[in-house]
Amino acid sequence: MTPGMGGGGSVRDGWRLLWGVLRRRPRPLLAVGGLVVVLAAPTTVAGIAVAHALDDGFFAHRAGTGLLWVALLVQVRLVAAVAGRLLFPPLVRVVEPLRDELVTAMVTAGLHRAVREDVPVPGAAVRQAVDEVEQARMLVASVLRNAHATGSVAVGAVIGLAVLDPAILLVELPCLVASVAGYWLLVRAVLRRQRRSLLAEEDLAEHVVRTLGARRDVTAFAAQDAAARPVLERVERARLAARALGRADAMHDGVVGVGVDLGLVLLLALAPVLIGRGRLGTGELVAAVYYVMFALGPALRFLVYGGAGWLAELLGLMTRLSDAIAAGGPLSGVATAGEPRPVGPSSPSGSAARPVVVAESVGYAYSKDAAPVLDGAGFTVPFGAHVAVVGPSGAGKSTLAALLCGVREPAGGTVLVGGAPPAPGSGVLALAPQEPYVFAGTVRENLAYLAPAASDEVLRDAADAFGLGRLDLDERLSAGGAGLSAGERQLVTLARTYLAAAPIVVLDEATSHLDPDAELRAELLMRRRGGTLIVIAHRISSASRADWVLLVDAGKVVAGPHHQLVDRSPRYRQLVGLWEPEKGTDDGI
Ligand SMILES: Nc1ncnc2c1ncn2[C@@H]1O[C@H](COP(=O)(O)OP(=O)(O)OP(=O)(O)O)[C@@H](O)[C@H]1O
């Protein structure tokens, strides 16, 4: 699980998880709530003391009385500081058990998933889950403590205004309610947009990394434009999401303005009426202004500027935890986020992910005006199958391989590998392309490119098995493999693909320069490595060895075992006929 918002749950799920855990401790929660009113008293008394100090003391030329009220004000502040400590015991009883409950939920869900899907429990993911829960616990404590302080000051001010004159409350309360309601709507909008922006950025980053990782496949398919298009689309999506978030953020000032500035203007507009009727003294007006400016104002500002960020962070975190619990705990995403379970010769046995390849009504054309290469093609390749893809030259076999590898995206229909659209560089598929690529570096580097952890022994065994015994692992190769024969370049590419941990291997006419014996040996090795093998067939012998044949013709795909297609498909018979006369020499087309 990435620390980002990778899941699909909503903020409401985050709320539900948080509330579900908090409400299990109703007594300390009620005590925390009750203390809001108790701790509101100092603010109320402070305003009243200001009013009396002025009206009964200094404005009435009774300095002694005024000073007595000021002394009371100081006393109240001292008592408030001591009373503030009453909050901590119930707060601790609310917050501390949160960690145990959430960690238990995360790890339990993760273990269930591990058992259900037969995947190992990655310690790093569990550690990350514990860290996130700890972060959530600290955020809950901060949010509750600060919300409590803010809430008690605001409640104290509201009570004080009501004591001064209920009419003042009648003009202040609507402003306050409108401000808090606006803030609430804003928080939700900011959260939604923040989440959208984060997801867009994560998606972009993931796509860029994958596309860069697949640059050799992209080059092999000459699909630079097709590979760049989805990246550019994601850049635009991330830009729009960030702009929308910025617009929502800018609304915060308006929310504070309604609660404080508008409230103050209305209070001052009402004051002459109340003073004229003898309902409000000058000192009381000052006290009312004190409540609005120095109690409600800071409380609202804290709520909007400080609290909003904390609350957004807390809810974002809770939503991620809720996603993870719903998806099976801290392991969610581990098996699907670019880490396919290994299948190569250096991999532990019995731990293979088993992605099935499903194509449904797939359409693809190279441009808007070009005739579609594929038009409504559909088939399924079960995990572990050995499949040959055949068809006349130009029928779309390589195009199909590019779609399976995710290097091109279908114009219509869907291609799913292991239930998700294939992503280049995800490591689920390893491709040996038509044009072998050998890059400047040692034989070791060339072979280990898709299996960086492979030992020299494993690399040597693979090289020997593919007939590259004459090459030393330390031997330097130049870009393009000058000095190697065309067949040897293909063998280097094949051995590299063989060593990859990907559960699916696609050979796109990758044996065209090999003699039939070398081709047979390469195919047998690929079958032995385990996983699914999809061969864009160069020779009919290769199709007849496969469990299943996909015949690509006129935009469609017909599937079946070799012998069945020979019986059933005149087109396939024709192809076999074209291939077979050349048998014994080189039966390729
Ligand atoms: N990059 C491209 N731009 C435009 N058209 C293309 C491109 N690549 C392939 N095509 C066209 O798409 C069609 C299918 O090509 P593709 O290479 O997939 O067929 P294929 O069955 O693999 O052929 P072959 O057996 O000759 O390799 C052909 O008509 C080809 O000319």
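All residue numbers here begin at 1 and follow the chain in the order shown.
Cβ atoms are placed via backbone N, Cα and C, with glycine included.
Owing to the predicted nature of the structure, the values given are computational and were not obtained by experimental measurement.
If you look up TrEMBL, you'll see 122-302 marked as domain 'ABC transmembrane type-1'.
Per TrEMBL, the feature domain 'ABC transporter' maps to 357-579.
Same-chain residues lying 6+ beyond the ends of the transmembrane segment (29-54) with a Cβ under 8 Å from its Cβ atoms: 22-23, 65-67, 69-70, 72-73, 76-77, 79-80, 83-84, 86-87, 90-91, 94, 144, 148-149, 151-153, 155-157, 159-160, 163-164, 281-284, 286-288, 290-291, 295. Sequence annotations record features per position, and here TrEMBL assigns transmembrane segment to 29-54 (among others).
Per TrEMBL, transmembrane segment is recorded for 66-88 (among others).
Within its own chain, the transmembrane segment (147-164) has Cβ neighbours under 8 Å at 32, 35-44, 46-48, 51, 84, 87, 91, 172-173, 176, 280, 284, 287-288, 291-292, 295-296, 298-300, 302-303, 307, counting only residues six or more beyond its boundaries. According to TrEMBL, the feature transmembrane segment maps to 147-164 (among others).
Look at TrEMBL and you will find 170-191 (among others) tagged as transmembrane segment.
Marked as transmembrane segment by TrEMBL: 255-276 (among others).
What TrEMBL records for 288-312 (among others) is transmembrane segment.
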Tertiary contacts of the transmembrane segment (170-191) (same chain, 6+ residues out, Cβ under 8 Å): 11, 154, 158, 161, 245, 248-249, 251-252, 254-256, 258-260, 262-263, 266-267, 270, 292, 296, 300, 303-304, 308, 311-312, 315-316
The domain 'ABC transporter' (357-579) [mean pLDDT, rounded to integer]: 89
Contact set, same chain, for the transmembrane segment (66-88): CB under 8 Å, 6 or more residues outside the stretch: 32, 35, 38-39, 41-42, 45-46, 49-50, 52-54, 56-58, 145, 148-149
